[in-house]
Amino acid sequence: MAKEQLKVLNALDAAKTQWYHFTAIIIAGMGFFTDAYDLFCISLVTKLLGRIYYHVDGAAKPGTLPPNVSAAVNGVALCGTLAGQLFFGWLGDKLGRKKVYGLTLMLMFLCSVASALSFGHSTQAVMSTLCFFRFWLGFGIGGDYPLSATIMSEYANKKTRGAFIAAVFAMQGFGILGGGVFTIIMASIFKATFDAPAYEVDPLASTVPQADYLWRIILMVGALPAALTYYWRMKMPETARYTALVAKNANQAANDMSKVLQVDIEAEPQKIEQLAQQPANSFGLFSKQFLRRHGLHLLGTTSTWFLLDIAFYSQNLFQKDIFSAIGWIPPAKTMNAIEEVFRIARAQTLIALCSTVPGYWFTVAFIDKMGRFAIQLMGFFFMTVFMFALAFPYNHWTHKDNRIGFVVMYSLTFFFANFGPNATTFVVPAEIFPARLRSTCHGISAASGKLGAMVGAFGFLYLAQNQDKAKADAGYPAGIGVKNSLIVLGVINLLGLLFTVLVPESKGKSLEEMSGENEDES
């Protein structure tokens, strides 16, 4: 039997959408803007790093990063993110959301700047510094996942909570877009200022010495949005749910929210005492009770996020092959270094504009109408369909005349990832667990996703190689080919569809109702 809710939480649940909701979205969302910018901008400059630091005299093609270096540069931030999600998720429940929130931003700011500064001139020194700071950058970014989601879910009202959390996540789309647009602008300026011949005309002169500044500027600018929101993050009060249900400070919670909502809310210390004494509000993460109440939920959120990210992060691999195949990016030797950065950024920005960004905002618009469950199920379903539609007639798609069809199908896959599980897997873990474990459980779910991202990004880097060793990329063993890789991804999406059944629907319910925090043990 459910007990009456605390008045301060009732006030939050029933609050009309007002200005503070939007400021919270922007403060939390700017973190995600920075996250996406920092994580995705590296893919815009890896080709340039290869040309600058791995140039081979007399080679027919420009230098590229060796497989192990490429994996390290691209993947080390993901490893950092995984560690950060677990650590800061746990810390957010121990110390409070707000205390830890500024810390992650500070880390992101410092490491963004530092990753663009190299200690030493040698190739090894540059790559080591880059990898070291990108690990810690990822660590800060990881903390932003559980904290932003938890803060937004605890601030929101129950009617539009899904849309608010999804809107924070959707800022990722703008971050990817921002990275692409800024890179296009910088590359255009460099191209106009420092003219250079194509690689096949003059290999050495095709990479101007100033190109070494270009990638550093692009990486450094990621620090700006983080710096801009730091002040506002520090001014946000701790969420009422943490203050009341975890820190057990009724007066402070009522005080903070009276200011935020601009209404008088009475503090109810006795009721907090009663709630605190209930067995439902004392079990820990590794208890039988947690397993009984939330074990399947946690399995649902971790497994779906894991499976989704395998498919989601493998896209970046096929992306450059697809761009080259449809002629958006000509062969590397026909361009100079800066021209190549410009072309890659332009292609990625177009994809972001057409499929990534709209998908996120479709979720924001429909999540509180359709519900999380329906959107996630639908997303996985269409991703499965489109992956199989790309895979089985794969040879048909590789012909020149069918390339446009391929890109349309490919874009639709990622439209339904974003208007589907990519957004919902972020929203749901912030809603269904008790306040004292909310940030930890979100961190665990997110870390499971990042594990999937590593499988997607590196597993498929090797899997998608040609079955004939001679045709595989330099330094890689033979794989199973793109067609078979796409079939495997289709099966993974199908599994995601099945595991979605474990995730409960939280549309229109209060957080305490979902987590059973104000229920008597009967």
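Each Cβ is built from the backbone N, Cα and C atoms, and glycine gets one as well.
Summarising the annotation, TrEMBL assigns domain 'Major facilitator superfamily (MFS) profile' to 24-508. TrEMBL lists 20-49, 69-88, 100-119, 163-190, 213-232, 350-367, 373-392, 404-423, 443-464, 485-504 with the feature transmembrane segment.
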Contacting positions for the transmembrane segment (69-88) when only residues 6+ beyond its ends and CB under 8 Å are counted: 38-39, 42-43, 46, 49-50, 54, 100, 103-104, 127, 130-131, 134-147, 439, 443-444, 446-447, 450-451, 453-454, 457-458, 461
Intrachain residues whose Cβ lies under 8 Å of the transmembrane segment (163-190), provided they are six or more past its termini: 21, 24-25, 28-30, 32-37, 40-41, 44-45, 148-149, 152-153, 155-156, 208, 210-211, 214, 217-218, 221-222, 338-339, 341-342, 345-346, 348-349, 352-353, 356-357, 359-361, 363-365, 367-368, 418, 423-424, 426-427, 430-431
Positions whose Cβ lies under 8 angstroms from the transmembrane segment (350-367), at least six residues beyond its ends: 162-163, 166-167, 169-170, 172-174, 176-177, 180, 319, 328, 375, 411-412, 414-420, 422-424, 427, 507
Stretch with greatest number of CB pairs under 8 Å, the transmembrane segment (213-232) reference, 100-119, 404-423, 443-464, 485-504 candidates: 100-119
Predicted model, mean pLDDT over the domain 'Major facilitator superfamily (MFS) profile' (24-508): 89
